[in-house]
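Have a look at this one.
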Amino acid sequence: MVSPVTVVKSEGPKLVPFFKATCVYFVLWLPSSSPSWVSALIKCLPIFCLWLFLLAHGLGFLLTHPSATRIFVGLVFSAIGDAFLIWQDQGYFVHGLLMFAVTHMLYASAFGMRPLALRTGLLMAVLSGLCYAFLYPNLTGAFTYLVGVYVALIGFMGWRAMAGLQLVGAAWRWTELAAGSGALLFIVSDLTIALDKFCFPVPYSRAFIMSTYYAAQMLIALSAVESREPVEDYRLSKAK
(Lines of atoms letter the chains of each structure in order from A and count residues from 1; the text may use other names and numbers.)
(Lines give C-alpha, C1' and ligand atoms only; values in the text may rest on other atoms or scores of the structure.)
Protein backbone atom coordinates (compact mmCIF):
# COMPACT_ATOMS: atom_id res chain seq x y z
CA MET A 1 0.00 0.00 0.00
CA VAL A 2 1.41 3.39 -1.04
CA SER A 3 1.38 6.07 1.64
CA PRO A 4 -0.70 9.20 0.88
CA VAL A 5 2.34 11.29 1.88
CA THR A 6 4.38 9.51 -0.79
CA VAL A 7 1.65 10.21 -3.33
CA VAL A 8 1.61 13.92 -2.49
CA LYS A 9 5.41 14.15 -2.75
CA SER A 10 5.57 12.31 -6.06
CA GLU A 11 2.45 13.59 -7.82
CA GLY A 12 1.95 17.01 -6.21
CA PRO A 13 4.58 18.86 -8.31
CA LYS A 14 3.04 17.50 -11.54
CA LEU A 15 -0.32 18.99 -10.51
CA VAL A 16 1.03 22.52 -9.93
CA PRO A 17 0.06 23.71 -13.46
CA PHE A 18 -3.48 22.42 -12.87
CA PHE A 19 -3.81 24.34 -9.60
CA LYS A 20 -2.45 27.51 -11.22
CA ALA A 21 -4.83 27.19 -14.18
CA THR A 22 -7.76 26.66 -11.81
CA CYS A 23 -6.78 29.80 -9.89
CA VAL A 24 -6.62 31.74 -13.18
CA TYR A 25 -10.18 30.66 -13.99
CA PHE A 26 -11.58 31.77 -10.63
CA VAL A 27 -9.54 34.99 -10.46
CA LEU A 28 -10.50 36.16 -13.96
CA TRP A 29 -14.10 34.93 -13.55
CA LEU A 30 -15.01 35.92 -17.10
CA PRO A 31 -18.76 36.62 -17.43
CA SER A 32 -20.74 33.67 -18.75
CA SER A 33 -23.11 36.10 -20.44
CA SER A 34 -20.40 37.01 -22.97
CA PRO A 35 -19.05 33.70 -24.33
CA SER A 36 -15.86 33.84 -26.38
CA TRP A 37 -12.95 31.66 -27.41
CA VAL A 38 -10.89 33.30 -24.68
CA SER A 39 -13.40 32.30 -22.00
CA ALA A 40 -13.54 28.79 -23.49
CA LEU A 41 -9.74 28.54 -23.34
CA ILE A 42 -9.61 29.74 -19.73
CA LYS A 43 -12.33 27.26 -18.74
CA CYS A 44 -10.61 24.35 -20.48
CA LEU A 45 -7.09 25.22 -19.32
CA PRO A 46 -7.22 23.17 -16.08
CA ILE A 47 -8.34 20.12 -18.10
CA PHE A 48 -5.49 20.69 -20.58
CA CYS A 49 -3.15 20.66 -17.56
CA LEU A 50 -4.57 17.28 -16.51
CA TRP A 51 -3.69 16.00 -20.00
CA LEU A 52 -0.13 17.14 -19.30
CA PHE A 53 -0.26 15.56 -15.85
CA LEU A 54 -0.93 12.13 -17.36
CA LEU A 55 1.53 12.67 -20.20
CA ALA A 56 4.19 13.58 -17.62
CA HIS A 57 4.20 9.90 -16.62
CA GLY A 58 5.37 9.04 -20.11
CA LEU A 59 3.65 8.10 -23.32
CA GLY A 60 4.69 4.52 -22.66
CA PHE A 61 2.66 4.57 -19.45
CA LEU A 62 -0.51 5.45 -21.36
CA LEU A 63 0.21 2.95 -24.13
CA THR A 64 0.71 0.07 -21.70
CA HIS A 65 -2.17 0.89 -19.34
CA PRO A 66 -5.56 0.82 -21.10
CA SER A 67 -7.43 2.27 -18.11
CA ALA A 68 -5.13 5.30 -17.98
CA THR A 69 -5.56 5.79 -21.72
CA ARG A 70 -9.35 5.79 -21.36
CA ILE A 71 -9.18 8.40 -18.61
CA PHE A 72 -6.94 10.53 -20.82
CA VAL A 73 -9.38 10.27 -23.73
CA GLY A 74 -12.22 11.04 -21.30
CA LEU A 75 -10.43 14.25 -20.37
CA VAL A 76 -10.21 15.14 -24.06
CA PHE A 77 -13.97 14.74 -24.48
CA SER A 78 -14.46 16.72 -21.24
CA ALA A 79 -12.57 19.68 -22.67
CA ILE A 80 -14.71 19.57 -25.82
CA GLY A 81 -17.82 19.43 -23.65
CA ASP A 82 -16.60 22.40 -21.60
CA ALA A 83 -16.13 24.41 -24.78
CA PHE A 84 -19.66 23.59 -25.99
CA LEU A 85 -21.15 24.60 -22.64
CA ILE A 86 -19.59 28.06 -22.93
CA TRP A 87 -22.16 28.59 -25.70
CA GLN A 88 -25.00 26.63 -24.08
CA ASP A 89 -27.38 29.60 -24.32
CA GLN A 90 -26.75 29.62 -28.09
CA GLY A 91 -28.04 26.06 -28.40
CA TYR A 92 -24.96 23.98 -27.63
CA PHE A 93 -26.03 22.54 -24.27
CA VAL A 94 -26.99 19.19 -25.83
CA HIS A 95 -23.61 18.99 -27.58
CA GLY A 96 -21.86 19.43 -24.25
CA LEU A 97 -24.18 16.86 -22.66
CA LEU A 98 -23.26 14.30 -25.31
CA MET A 99 -19.52 14.94 -24.88
CA PHE A 100 -19.75 14.35 -21.15
CA ALA A 101 -21.88 11.24 -21.72
CA VAL A 102 -18.97 9.82 -23.74
CA THR A 103 -16.61 10.89 -20.94
CA HIS A 104 -18.59 8.91 -18.35
CA MET A 105 -18.60 5.81 -20.56
CA LEU A 106 -14.83 6.05 -20.92
CA TYR A 107 -14.33 6.55 -17.20
CA ALA A 108 -16.61 3.61 -16.36
CA SER A 109 -14.66 1.45 -18.80
CA ALA A 110 -11.40 2.57 -17.19
CA PHE A 111 -12.62 1.65 -13.70
CA GLY A 112 -13.59 -1.81 -14.98
CA MET A 113 -16.16 -4.38 -13.90
CA ARG A 114 -14.15 -6.05 -11.11
CA PRO A 115 -15.20 -6.32 -8.35
CA LEU A 116 -18.86 -6.26 -9.33
CA ALA A 117 -20.14 -4.82 -6.00
CA LEU A 118 -23.85 -5.38 -6.65
CA ARG A 119 -24.92 -3.64 -3.45
CA THR A 120 -23.09 -0.49 -4.49
CA GLY A 121 -24.67 -0.78 -7.92
CA LEU A 122 -28.15 -1.14 -6.43
CA LEU A 123 -27.61 1.90 -4.21
CA MET A 124 -26.42 3.99 -7.15
CA ALA A 125 -29.38 2.82 -9.24
CA VAL A 126 -31.83 3.88 -6.51
CA LEU A 127 -30.15 7.27 -6.06
CA SER A 128 -30.04 7.84 -9.82
CA GLY A 129 -33.73 6.95 -10.09
CA LEU A 130 -34.62 9.37 -7.30
CA CYS A 131 -32.63 12.17 -8.93
CA TYR A 132 -34.33 11.60 -12.28
CA ALA A 133 -37.75 11.41 -10.64
CA PHE A 134 -37.09 14.79 -9.02
CA LEU A 135 -35.97 16.34 -12.32
CA TYR A 136 -38.63 14.70 -14.51
CA PRO A 137 -41.55 17.13 -13.91
CA ASN A 138 -39.35 19.99 -15.11
CA LEU A 139 -38.06 18.27 -18.26
CA THR A 140 -39.61 18.85 -21.66
CA GLY A 141 -39.08 17.59 -25.19
CA ALA A 142 -35.87 15.70 -25.94
CA PHE A 143 -34.47 16.54 -22.51
CA THR A 144 -36.94 14.08 -20.99
CA TYR A 145 -34.96 11.25 -22.58
CA LEU A 146 -31.49 12.79 -22.84
CA VAL A 147 -31.32 13.65 -19.14
CA GLY A 148 -32.59 10.16 -18.25
CA VAL A 149 -29.84 8.50 -20.28
CA TYR A 150 -27.24 10.88 -18.89
CA VAL A 151 -28.30 10.22 -15.28
CA ALA A 152 -28.05 6.47 -15.95
CA LEU A 153 -24.55 6.85 -17.43
CA ILE A 154 -23.14 8.99 -14.65
CA GLY A 155 -24.73 6.69 -12.08
CA PHE A 156 -23.10 3.70 -13.77
CA MET A 157 -19.76 5.52 -13.79
CA GLY A 158 -20.16 6.28 -10.08
CA TRP A 159 -20.92 2.62 -9.37
CA ARG A 160 -17.79 1.44 -11.15
CA ALA A 161 -15.65 4.10 -9.51
CA MET A 162 -16.77 3.10 -6.00
CA ALA A 163 -17.02 -0.65 -6.56
CA GLY A 164 -13.47 -1.35 -5.43
CA LEU A 165 -13.40 1.22 -2.63
CA GLN A 166 -12.33 -0.16 0.74
CA LEU A 167 -11.50 2.34 3.46
CA VAL A 168 -9.82 -0.12 5.84
CA GLY A 169 -7.71 -3.24 5.64
CA ALA A 170 -4.88 -4.44 3.46
CA ALA A 171 -6.95 -4.02 0.28
CA TRP A 172 -7.12 -0.22 0.76
CA ARG A 173 -5.68 1.72 -2.19
CA TRP A 174 -5.54 5.48 -2.57
CA THR A 175 -6.39 5.19 -6.28
CA GLU A 176 -9.83 3.74 -5.47
CA LEU A 177 -10.39 6.51 -2.93
CA ALA A 178 -9.45 9.11 -5.56
CA ALA A 179 -11.71 7.50 -8.18
CA GLY A 180 -14.68 7.18 -5.82
CA SER A 181 -14.32 10.70 -4.45
CA GLY A 182 -13.91 12.10 -7.96
CA ALA A 183 -17.02 10.32 -9.22
CA LEU A 184 -19.12 11.59 -6.30
CA LEU A 185 -17.95 15.17 -6.86
CA PHE A 186 -18.73 14.84 -10.58
CA ILE A 187 -22.25 13.67 -9.74
CA VAL A 188 -22.73 16.57 -7.31
CA SER A 189 -21.47 19.06 -9.92
CA ASP A 190 -23.74 17.73 -12.68
CA LEU A 191 -26.75 17.48 -10.37
CA THR A 192 -26.26 21.14 -9.48
CA ILE A 193 -26.18 22.01 -13.19
CA ALA A 194 -29.44 20.12 -13.71
CA LEU A 195 -31.17 21.75 -10.74
CA ASP A 196 -30.03 25.21 -11.79
CA LYS A 197 -31.03 24.73 -15.44
CA PHE A 198 -34.29 22.82 -15.12
CA CYS A 199 -35.69 23.36 -11.61
CA PHE A 200 -34.71 26.52 -9.74
CA PRO A 201 -31.80 28.99 -9.47
CA VAL A 202 -29.07 27.61 -7.22
CA PRO A 203 -27.22 30.31 -5.24
CA TYR A 204 -23.58 30.67 -6.30
CA SER A 205 -24.19 27.80 -8.71
CA ARG A 206 -21.31 28.54 -11.07
CA ALA A 207 -18.69 28.67 -8.31
CA PHE A 208 -19.99 25.46 -6.74
CA ILE A 209 -20.32 23.65 -10.08
CA MET A 210 -16.84 24.53 -11.29
CA SER A 211 -15.04 23.91 -7.98
CA THR A 212 -16.55 20.44 -7.58
CA TYR A 213 -16.01 19.73 -11.30
CA TYR A 214 -12.32 20.60 -11.32
CA ALA A 215 -11.74 18.65 -8.09
CA ALA A 216 -13.55 15.65 -9.59
CA GLN A 217 -11.48 15.68 -12.75
CA MET A 218 -8.23 16.02 -10.79
CA LEU A 219 -9.07 13.07 -8.55
CA ILE A 220 -10.10 10.87 -11.48
CA ALA A 221 -6.90 11.76 -13.34
CA LEU A 222 -4.92 11.01 -10.18
CA SER A 223 -6.59 7.61 -9.89
CA ALA A 224 -5.00 6.61 -13.21
CA VAL A 225 -1.45 6.98 -11.92
CA GLU A 226 -1.29 3.65 -10.11
CA SER A 227 -3.19 1.97 -12.91
CA ARG A 228 -5.48 -0.82 -11.80
CA GLU A 229 -4.98 -2.84 -14.99
CA PRO A 230 -1.43 -3.20 -16.37
CA VAL A 231 -1.23 -4.44 -19.93
CA GLU A 232 -0.33 -7.98 -18.87
CA ASP A 233 -3.41 -8.29 -16.67
CA TYR A 234 -5.49 -6.68 -19.38
CA ARG A 235 -4.51 -9.33 -21.92
CA LEU A 236 -5.14 -12.11 -19.42
CA SER A 237 -8.63 -10.74 -18.64
CA LYS A 238 -9.43 -10.60 -22.35
CA ALA A 239 -8.25 -14.18 -22.81
CA LYS A 240 -10.59 -15.52 -20.09
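Glycine residues also receive a Cβ, built from the backbone N, Cα and C atoms like all the rest.
No curator has checked TrEMBL annotations; they are predicted automatically.
A quick note: this is a predicted structure, and the numbers were derived from the prediction, not measured.
Pasting the feature list from TrEMBL:
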type: TRANSMEM; residues: 37-56; note: transmembrane segment
type: TRANSMEM; residues: 68-86; note: transmembrane segment
type: TRANSMEM; residues: 92-109; note: transmembrane segment
type: TRANSMEM; residues: 116-136; note: transmembrane segment
type: TRANSMEM; residues: 142-162; note: transmembrane segment
type: TRANSMEM; residues: 174-195; note: transmembrane segment
Tally Cβ pairs under 8 Å between the transmembrane segment (174-195) and each listed stretch (37-56, 68-86, 92-109, 116-136, 142-162), then give the stretch with the top tally.
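Most Cβ pairs under 8 Å with the transmembrane segment (174-195) come from 142-162.
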Give the nonlocal contacts of the transmembrane segment (142-162) in its own chain as ranges (CB under 8 Å, at least six residues past its ends).
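Sequence-distant neighbours of the transmembrane segment (142-162): 94, 97, 100-101, 104-105, 107-108, 111-113, 117, 120-121, 124-125, 127-128, 131-132, 135-136, 176, 179-180, 182-184, 186-187, 190, 194, 198, 220, 223.
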Which residues of the chain, 6 or more past the ends of the transmembrane segment (92-109), have a CB below 8 A from one of its CBs?
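For the transmembrane segment (92-109), the nonlocal Cβ contacts are 67, 70-71, 73-75, 77-78, 80-86, 142, 146, 149-150, 153-154, 156-157, 159-161, 183, 190, 197, 220.
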With Cβ-Cβ distances below 8 Å as the criterion, list the same-chain residues six or more beyond the ends of the transmembrane segment (68-86) that contact it, or say none.
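Distant contacts of the transmembrane segment (68-86): 32, 35-36, 39-40, 43-44, 47-48, 50-51, 54-55, 57, 61-62, 92-93, 95-100, 102-104, 106-107, 109-110, 217, 220-221, 223-225, 227.
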